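Feature list (source: Swiss-Prot):
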SIGNAL    1-45  signal peptide
DOMAIN    51-152  domain 'SRCR 1'
DOMAIN    159-259  domain 'SRCR 2'
DOMAIN    266-366  domain 'SRCR 3'
DOMAIN    373-473  domain 'SRCR 4'
DOMAIN    478-578  domain 'SRCR 5'
DOMAIN    583-683  domain 'SRCR 6'
DOMAIN    719-819  domain 'SRCR 7'
DOMAIN    824-926  domain 'SRCR 8'
DOMAIN    929-1029  domain 'SRCR 9'
TRANSMEM  1047-1067  transmembrane segment
TOPO_DOM  1068-1151  topological domain 'Cytoplasmic'
Amino acid sequence: MSKLRMVLLEDSGSADVRRHFVNLSPFTIAVVLLLRACFVTSSLGGTTKELRLVDGENKCSGRVEVKIQEEWGTVCNNGWSMEAVSVICNQLGCPTAIKATGWANSSAGSGRIWMDHVSCRGNESALWDCKHDGWGKHSNCTHQQDAGVTCSDGSDLEMRLTNGGNMCSGRIEIKFQGQWGTVCDDNFNINHASVVCKQLECGSAVSFSGSANFGEGSGPIWFDDLICNGNESALWNCKHQGWGKHNCDHAEDAGVICSKGADLSLRLVDGVTECSGRLEVRFQGEWGTICDDGWDSHDAAVACKQLGCPTAITAIGRVNASEGFGHIWLDSVSCQGHEPAVWQCKHHEWGKHYCNHNEDAGVTCSDGSDLELRLRGGGSRCAGTVEVEIQRLLGKVCDRGWGLKEADVVCRQLGCGSALKTSYQVYSKIQATNMWLFLSSCNGNETSLWDCKNWQWGGLTCDHYEEAKITCSAHREPRLVGGDIPCSGRVEVKHGDTWGSVCDSDFSLEAASVLCRELQCGTVVSILGGAHFGEGNGQIWTEEFQCEGHESHLSLCPVAPRPEGTCSHSRDVGVVCSRYTEIRLVNGKTPCEGRVELKTLNAWGSLCNSHWDIEDAHVLCQQLKCGVALSTPGGAHFGKGNGQVWRHMFHCTGTEQHMGDCPVTALGASLCPSGQVASVICSGNQSQTLSSCNSSSLGPTRPTIPEESAVACIESGQLRLVNGGGRCAGRVEIYHEGSWGTICDDSWDLSDAHVVCRQLGCGEAINATGSAHFGEGTGPIWLDEMKCNGKESRIWQCHSHGWGQQNCRHKEDAGVICSEFMSLRLTSEASREACAGRLEVFYNGAWGSVGRSNMSETTVGVVCRQLGCADKGKINSASLDKAMSIPMWVDNVQCPKGPDTLWQCPSSPWEKRLARPSEETWITCDNKMRLQEGPTSCSGRVEIWHGGSWGTVCDDSWDLNDAQVVCQQLGCGPALKAFKEAEFGQGTGPIWLNEVKCKGNESSLWDCPARRWGHSECGHKEDAAVNCTDISTRKTPQKATTGQSSLIAVGILGVVLLAIFVALFLTQKRRQRQRLTVSSRGENLVHQIQYREMNSCLNADDLDLMNSSENSNESADFNAAELISVSKFLPISGMEKEAILRHTEKENGNL
């Protein structure tokens, strides 16, 4: 950390300056000299740097010197490497690094030693981009250790191929320092050969060889153990040990054959068409064949493409044509499919094989004009039997080797979406011999069926007598919208590009079962009518789904048309699915005991027991018709299981009918300890239900029930937190004797709150609130004077006055805030927008950021919807703002499609750590207001995002003041006109606002008086609109380049410093003239004060002269309470959460 030291000097070079400095205050002198130091440091950073080589034999060799601050200096050779030499050589236009030396060939340098311990990767653009100790810092180096280099611009280097019959094949030889030498074959491969061929302009590399295949050379062996990536411009630019360093002899000389020296060509012989037949290759003037060992569709695809017949129909082994003769040039060809020529695929050395000519390879290709694919007999072009027509022959696809991946490829090729169903049609044995297409397999990503590998075509026999049939989605898909948990919400179906809702009278239990199964959400739990999940907007489909319940997709259900206008959005149907496809107990002695396993996305996995409790177990036993939960054995009581261990945390109360009804969280879930999987032992009595326990046992004297066991009854005392904005914060309420009631705050403290939080699975208590912090409750006040020791498993096990014994009122209702309470916000020092900034999560009593690893647009959409900030957004680059003192809580958040809150998304476990702004997530959600159907972005129909959907504004009372607020909010110029009566067309969805009465100076439309959200008697023919000037009212500063910015800053700083100094000097001069007497003795006793900057410019909290020496340094630790600041709160999902955070700050501030 930078410090200032005050030094008293006995002498000074200028009496006049000394005399005036004496009269300046210490603070003024400190500021002036501090600014001066900053000016000098800034100037150093902006100084132009230069590099040169001195005292060498030519411009590409010599001692390395760097110029900075107009002063030349040297570089110490500590850690000097060939990587650093490569950087210097490239920087100076001498691209070939020859040698790294401590320059002893000439006189030592002089002046500064600017750099030491230089460490380069080799790809830096300048030497000063490499790591080093710092400018002017070195470890006692002298100029005897000055670093030097020897480079080459290539003009003195040559390469040739010899003894190969032409200039593009043969033994590699390099001329260096006037002498020809060879290259050792150690680690020599096709990448090296590619560099050689490219450098000699001989085309691509066909083959390489070692062991002096082109004869032994003579002279030096210049290179050994070369490392090339294939992109180098010259062989000597590959990494190497150094010129002339090797452990080889000339029996290991390397050679290459390039395409221009191989006389290569490919042809088809003896085929029925121009694109079929036996393959032959010409190599070094002679034709030969290819052996069929390993010959497959990838190899055929390369050959066909090379021959100008781009689609490979069949890869033929033991080709049905007259046998070839002559050489067998290639064997064991293995192509990836993207190579430009067959000989560029992997293969044995040219001419080496283990074949004879009855194994010659061939192909049947097509130019695509004679290939056709279609679906017939299914009622539309996107359903039916798969038919293919190849070279004018019509055939079917045999279902042998046929599956959903292959069907997906067909649907995609035909523009019919994805495959919903694949089946087969049985034919008689007589019809089985036909033209058939056989597929080995598709990976599902191909753009057409012809791209799938190893397919065969012809008059073959389909052993199964079955032809493939497909039903495609045709871009028709369902979804659930607006639910609080995944797999629940309003039913919407997409036809083409349009989403629409479904009337509750048109959706049966069978249809809901199909929907849940299609969405991989398990089984249907309930069907809810009356727009339970909110009203949709847009289309209401006038069709009844007549499913039987066994269909795999909703699109496969028959539909019956309904008359239009018979339904409204107030009757939109909703569905709740179980989310989990299946849930089961395994490895137990009976079906009603065992390890808990969930099936999600067709994969079974065990459930972690870190949050598994008896309430969760009760619900599972009931769902499986196994009575009630008797115990939840810990550890791997029924075995560890295989596959994934699900970290999802259920939060059941014990009264739910299905596990899908319980809230679930996944964000920040810890990795499951080895072997810690959930288990349960149910009573097994399928007719048994949970009866009410004797309420007399629920008093303070009730014995503690171990968490791993429970009585087979529902305790009358259920517990919940109300009005806190989440399940882990709020007013404490207990269900007792048929009524919900509260707890009085007398003696209410953290020990009591700990029991509540632990009982609810919400971690530990952060705050125990009183005075009806979360609002006054109703009904009985059940408990008073709670005195928990903090270890009880239920709040009613604590000592108290007894049930209903109290002298309180509801203004004394107790509440809690637990560590598992979570909230979300976007915050930025540079923006007041609540919908833009750094993504932060409130957890364990503190705000922390969210990492940007694997952050996707889907996850951003979940965040923006959760915050009520439109339905999507974008990820921004790291903010340039100063990073605030805040840790990172969680990283690797990966939301799938479906969750409505970030809490339901998997992530890395909670871990508090420091993070740079570049590691954090910065988001800007789309504007919650937009203008639609206008000629420009600043005119059109006004639409607002609210409650999870877009809606319009009614034109009642709509005027220019309202329009002015809209224009300002959208960043447009002043309002020109406020339109009524759907000037830009009628919108869809809700009419969110009516009777808007702005003054014109509000910052947003929702700050204006209006009727309650969604309360309107208007129709869309009254949609309001605006026309704004298309001139932005937001000032966007012009961005200067880095160099311009630094120069401008330095110039301004210099002018300011000069002005300050002149003003101070004149002021002090005037004061001196006004003095009546001056004691020369006193003046001589005055000492000068000089402030020296010891390291770098000061931070404000480092000025010892301006701060009391008694101030203590702040701890670097992040105390949870210290991280909560009222001044930085933003609204978070409602007033309740804001109240929680405000109270937490107040409580922690009093500690």
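Placed from the backbone N, Cα and C atoms, the Cβ positions cover glycine too.
Two recorded stretches are said to be in contact when at least 3 C-beta pairs lie under 8 angstroms, sequence spacing 6 or more; the domain 'SRCR 9' (929-1029) and the domain 'SRCR 1' (51-152) fall short of this definition. Look at the domain 'SRCR 3' (266-366): DSSP puts its residues at 16 helix, 36 strand, 49 coil. Note: the domain 'SRCR 5' (478-578) comprises 19 helix, 38 strand, 44 coil (DSSP; helix = H, G, I, strand = E, B). When averaged over the domain 'SRCR 4' (373-473), pLDDT in the model lands at 73. Assigned with DSSP, the residues of the domain 'SRCR 2' (159-259) fall into helix, strand and coil as follows: 17 helix, 37 strand, 47 coil.
Note: the domain 'SRCR 7' (719-819) comprises 16 helix, 37 strand, 48 coil (DSSP; helix = H, G, I, strand = E, B).
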